[in-house]
Amino acid sequence: MLGTLGLWTLLPAAAQVSPNRRTCVFFEAPGVRGSTKTLGEVVDAGPGPPKGIRCLYSHCCFGIWNLTHGRAQVEMQGCLDSDEPGCESLHCDPVPRAHPSPSSTLFTCSCGTDFCNANYSHLPPSGNRGAPGPQEPQATPGGPIWMAQLLLGVFLVLLLSIIILALLQRKACRVQGGSDPEPEPGSGGDCSEELPELAELRFSQVIQEGGHAVVWAGRLQGEMVAIKAFPPRAVAQFRAERAVYQLLGLQHNHIVRFITAGQGGPGPLPSGPLLVLELYPKGSLCHYLTQYTSDWGSSLRMALSLAEGLAFLHGERWQDGQYKPGIAHRDLSSQNVLIREDRSCAIGDLGLALVLPGLAQPPALAPTQPRGPAAILEAGTQRYMAPELLDKTLDLQDWGTALQRADVYSLALLLWEILSRCSDLRPDHRPPPFQLAYEAELGSNPSACELWALAVAERKRPNIPSSWSCSATDPRGLRELLEDCWDADPEARLTAECVQQRLAALAYPQVASSFPESCPQGCPENCPAAPASAAFPCRPQQSSCLLSVQQGSGSKS
């Protein structure tokens, strides 16, 4: 019997892991076809092993070993694509699965603790497990035994390849947030769906690189467009985002415009799934605020359009016979908001968006909803996460409303960033250089623990200068608005619609007072955090409250 074999001493770089993501040892022997690397994020500790991998789809590690003549050879280690029986084990307990040759046995294990697949124990000897018998004949090159072992070796490689390909196929078919392959609306239920080839699409230059996609500037039929190119391994992320963009009625001035979806690639690179979207040459909100300051009119336009876009996303409505469900964005950040030519905002990057449960929702939209607490609690950029996401106390009983409230917290941080670059809110009309929310307190790359300590334990928020409450523009409601949006109690926060109302009242105080039925004082006091009802008619009419702000000016910083 073999004792416990420690394969590697895990490096510190691999040990610094997220408390909510399983981290496993990652290894694939040379010659193994396919890879399970796409089931997680590889932690590269150097030019060679050891490496770790943070699992994306499960909390389960696995290992595959080949025991030949009493000697163990590692074939594969990594993440499984789902939590399966055996994942509850704290240790790697190998189980024999196949006998590629009389003297060789293939063992596998699964376990559910960090790096548990680094060590394996109690591997029984391979081959004959009975009493000692006659010595095995030696394999002579070219002889029948040698040929049999060669064929069995080839069989072993093919078997491992089939296992890997099966894992990858399951992962590719997975709808984001779910545990089983299910069709998305309009997909026809076919995992191997053929996407149209976008032959007329031309790629120009890379404008942004992310974890699952690269965004290019390009042209389609003469129109300048943005191309979000996904690698073939990220088909699940592509399908999830496309499903949200293709929902009936999801067309709005302050939501990034979806044009089409298909497949293609720049030049010699492999063809992959693509989303073609409207191009916004002014770039992201973060980029714009870094480069420019704005006057009061421009700042209000950005703030009001951002709130209007989020209110539209959150709203459930029927319009012209078409149904639009409520949608939670879950990844609002100044990188995911784009600036239009008129300096208003358009919300983009719907890769983590979730369709919310609604009273009139058609059954066909069910696959776009999560199927478990882990999928609901998954969120985007840490800096903008609501306190209830940082400490995992989000209300899972009414998760739809809870996610909307979390979005409003993120909205408040974006409003603060916009207002921090407003020249009219400073006595000298010279705002300081742009900083992200919490950058002054925690720096440019805060950890989840640092954010938890500041935003949850200490209940601190970005500083609101006193000049914001006594400037010539008289924005008396700014401090109250922000505090009502980033309140530590999610139930005390405003809805996105009410934020829209209050900003409209700041932009047009005379308009808000002229329409008491549709705009009750811009909802300064009585707008509930829960969705509007007959008792709280805080639902503006497009023709009265939501007039466009006249275009202001932006000053180069």
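Just so you know, the numbers here start at 1 and follow the chain as drawn.
The backbone N, Cα and C atoms fix where each Cβ goes, and this holds for glycine too.
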Quiz item: Of the residues C60, C61, C79, which one does Swiss-Prot pair with C55 through a disulfide?
Solution: C79
Quiz item: I207, Q208, E209, G210, G211, H212, A213, V214, V215 bind ATP according to Swiss-Prot; which of K228, K282 goes with them?
Solution: K228
Practice problem: Consult Swiss-Prot and report which candidate among C87, C92 shares a disulfide bond with C109. | Solution: C92
Exercise. Using C-alpha positions only, work out which of the recorded positions C55, N66, C79, C92, C109 is nearest to A213 (ATP binding site).
Key: C55
Quiz item: Reported as an integer number of Å, what is the Cα distance between G211 (ATP binding site) and C79 (disulfide bond)?
Solution: 18
Self-check item: Cβ-Cβ distance under 8 Å to V215 (ATP binding site), same chain, at least six residues away
Solution: V206, I207, Q208, E209, A226, I227, K228, A229
Practice problem: Can you grab the distance from C79 (disulfide bond) over to C92 (disulfide bond)? Cα atoms, rounded to a whole Å. | Solution: 13
Self-check item: Nonlocal residues around C109 (disulfide bond), in sequence order (Cβ under 8 Å, 6 or more apart)
Solution: F62, G63, G86, S89, C92, D93, P94, V95, N117, Y120
Quiz item: For N119 (N-linked glycosylation site) and N66 (N-linked glycosylation site), what Cα-Cα distance in Å is obtained after rounding to a whole number?
Solution: 14
Quiz prompt | Cβ packing number for N66 (N-linked glycosylation site), 10 Å threshold | solution = 21
